[in-house]
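Undergrad: Below is the structure I would like to discuss, written out as structure tokens.
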């Protein structure tokens, strides 16, 4: 502020300067900003700002501060209040001036970076610089490109070299918001594979200027939920920050030290991580648990953190990380910039208040409607719980076509050739299934043959023939992972496995083998569902269906990334159908059965020649072939257990463990909504044997129900179209045909392809006939029971009983059929049935009347009910009433609807007369019209539009909408203890005891009996005492290191203040040398000995002094009194005295033995 006043005073604005000083308030912020960007117009704008008429902006800070022009108001305040008010005004003005200065500096640097970035882009496009600086053809300029964001030229060059020419939508909106001044918190949401990692790494590197800061303290902190994700972020960040050239100042070198990165994850040695943190890293990528452990153990000062990122924020803020984040957030400074990124984020930012967001964060929420990639194709299979393993083997062998055995990874030359082929294929406008598409575009243009080997962005070392078959399998628990690992390894597949409690070194080895293509399958829990980029991955299998839609989005997000195609295969049991219905509501996509969809697509034509189903925008549910399932089930139950190998012993044990884990897993997961449970029950009921009997009785014997699930009699008729025709979808058979073509050549391939196509069609035809025959056999119901075989009439009581029972069941079956037909007519799903009923209504009425006369003496009431429901007393609908009574004039919408229906059905009803056709069309129009009472213009629903998706995104959806009212009320209620009843009495605690295995007895289980000691941190949070064990102090004493305080400057020689031993030390031990030069001393000093020879000691005097004799006597007396026995001399003296008495004829001593 003082600088601005001096500047204005030098320009002749003394009056305005004096008025500004007396007011002790800041100028208008807009004016200050503009003046800082255009210094030559400051005086003019300041004059304009001083006019009361021309200043339309209102400054809250200026209005709240007292002005010198108001003497009355100032006079009413005391001197201390006036002083405090002036001090507050000065602080506000200083802060605003700092913000204006920072904004001005940022704008100047941004303009300079944009200008320099354009030069970098031009050089790259024109090809003036050869080698690494040369880029492929493409447009890299424009409003949405990276160089228009004001990035540093070195960072822009690094992005362009690696093929990142155009930012993704999330990067285009998030990066400018993050880099704005003053810094603003950002909450970003975009689907998986959309580039969220670069959206926060690019501003991070640009903010650190690509160089290491000599000031001690962490500058940026990135928190992520899993270790693999942390390693991936570290690899991407180091790659982007490589090759940075800093701006050289006066007397400085442009080649400074690169950014120091640190990764802090669990499973690693604490001593190594102590050394990493003492190395003063700039960026720390960590998991919350281990980072909190180091923070408490080392007592880290996090006040220097300016940039905090919560990657996969919805997972971080769930219950598992509440304690870790609470303590860490209290240690972070309030002036930090906080970023939250995830693929599934709720719209309500109230759920993220723990992150300490500022008052006005920016929400960037993209792809909220699509949620998953448009290149992802999904297939859902209905399976029995006991046949899940068999279904997995059928899927891997017959559909995906995963090869058996461990595959050898390609060498670097073959990989480079493959990347060049992939880049050439992209010229046709198609996205290759090879990895590293962006990298391949630039890689083929460079002359550096080793450049591509350094950056394997799509996954290092993937083998060419393994790319279409790399598959990741998601399971519920680690016990399922171990069980499937044994099963698939025994079957012959090369598998890797990862779960949370696995050792970190083993996890790295397993992931590396899968990335290099040696293993075809990766069996994991949900620990690998977050953020891990596996570009070679094309197939994702959900062995256990995810209970939450958010989990499904993250699982299938591992494939179909960066424009590549991908497949998601999900197995669903009848118990998991409600979760599938919840997923359908969350994705807002239709859920249809495979046989219904393919029949509608064929439209009366041959099913084999129909087009492929739209698996991108629909959820298609089908079954698997029964023959293949039976073969695999027999293999698992017999072949694996009836051997003498160790597998036969381990397999049943692991299966039992997995079954028990499944039971506990089902108890712990959230429940689906009540509406989804209702729909799931209806789906299961439609394929039951009772509904099949109803259809058979009504003359629809050959009709397949809409929903035919696994275990129903007609499941063979509902096999998924992907399994029946995999070549249509480019799966197993197409890959085999390509392999045969490459092996035999194009000349000999014509006959082979034709012969193979004929065989495939013949096999498909035979499979369809076999499925139809098996479906008829499964749906067969005999006309007679075992009590009626070979018996005529009512010869036996059991035969008469079954005959009467059958008549009663027929009545109930007809009643259920009528109810089902009416329900379909109301819901709009029975249009075809209504047409048939209109044509055959007279025949049905005549048949029912004949049945009434024949059975007049039996079940009159029941037949009357059936007749009432079907014919005699059928309730008239709205169309019949309107046809008989013209009560009101039809509305405009009704007239338009009738006209549209008339124009569509004229061709099909041209043979009828005009009056009859008009009446029929009017009635059909009224029946087909929606019967809902909701007017879209005025109806207010009890739910907000899009509430289903928001419930799926919600973090606490386990108790928000899935539970009943009683459960929700119990979660938020609390009880108060009655004071009157126990007033004046001592409350007794229950006698809770537990068995101690060491003491072999029951002991009292009191507080602290579990031996879990807690400590309270400075912020008041209680943490386990193991977080402060003193290992860091021991490590400092062992390494002889003194950690600098936050904000201090590093020393030139050492990164930390290390008390290093002398240079001549050996193995850390001190070694001193004689370096002092002085004259030797005379020999008289040492006597006859040499220098360094020890002194000769005199002989020990053996004559005791009186004091020593007295001490020895005292010690001897103490020993005698302690022993309580007479000494040996006393015993001898007593014996001699007795002998003398016996010699003189006297008696011995009293009590002596004779």
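Cβ coordinates are placed from backbone N, Cα and C, and glycine is handled just like the others.
The structure displayed is predicted, hence computed values, not measured ones.
As annotated by Swiss-Prot, region 'Disordered' applies to 16-58, 417-462, 826-859, 885-939, 1043-1154. Taken from Swiss-Prot, the feature compositional bias 'Polar residues' covers 21-38. The motif 'Q motif' annotation in Swiss-Prot covers 144-172. Taken from Swiss-Prot, the feature domain 'Helicase ATP-binding' covers 177-363, and the record attributes it to sequence analysis. Look at Swiss-Prot and you will find 190, 191, 192, 193, 194, 195, 196, 197 tagged as ATP binding site, backed by sequence analysis. Feature annotation from Swiss-Prot assigns motif 'DEAD box' to 311-314. Residues annotated as compositional bias 'Basic and acidic residues' in Swiss-Prot: 438-451, 1043-1061, 1098-1133. The compositional bias 'Basic residues' annotation in Swiss-Prot covers 844-855, 918-927, 1134-1154.
Help me picture these features in the structure, burial and contacts included.
TA: If you average pLDDT over the motif 'Q motif' (144-172) in this model, you get 86.
Residues within less than 8 Å, Cβ to Cβ, of residue 195 (ATP binding site) and separated from it by at least 6 positions along the same chain comprise 167, 168, 170, 171. In the three-state DSSP scheme, residue 195 (ATP binding site) falls into the coil class.
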Undergrad: If the ATP site is taken as the center of the Cβ atoms of 190, 191, 192, 193, 194, 195, 196, 197, which further residues of that chain fall within 8 Å of it by their Cβ?
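TA: Sorted by sequence, the hits are 168, 170, 343, 561.
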Undergrad: When you tally the Cβ atoms that lie within 10 Å of each candidate's Cβ, which of the binding-site residues (192, 197) has the highest tally?
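TA: By the 10 Å Cβ neighbour count, 192 comes out on top.
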Undergrad: Quick check on the motif 'Q motif' (144-172): DSSP residue counts for helix, strand, coil, in that order please.
TA: 17 helix, 0 strand, 12 coil
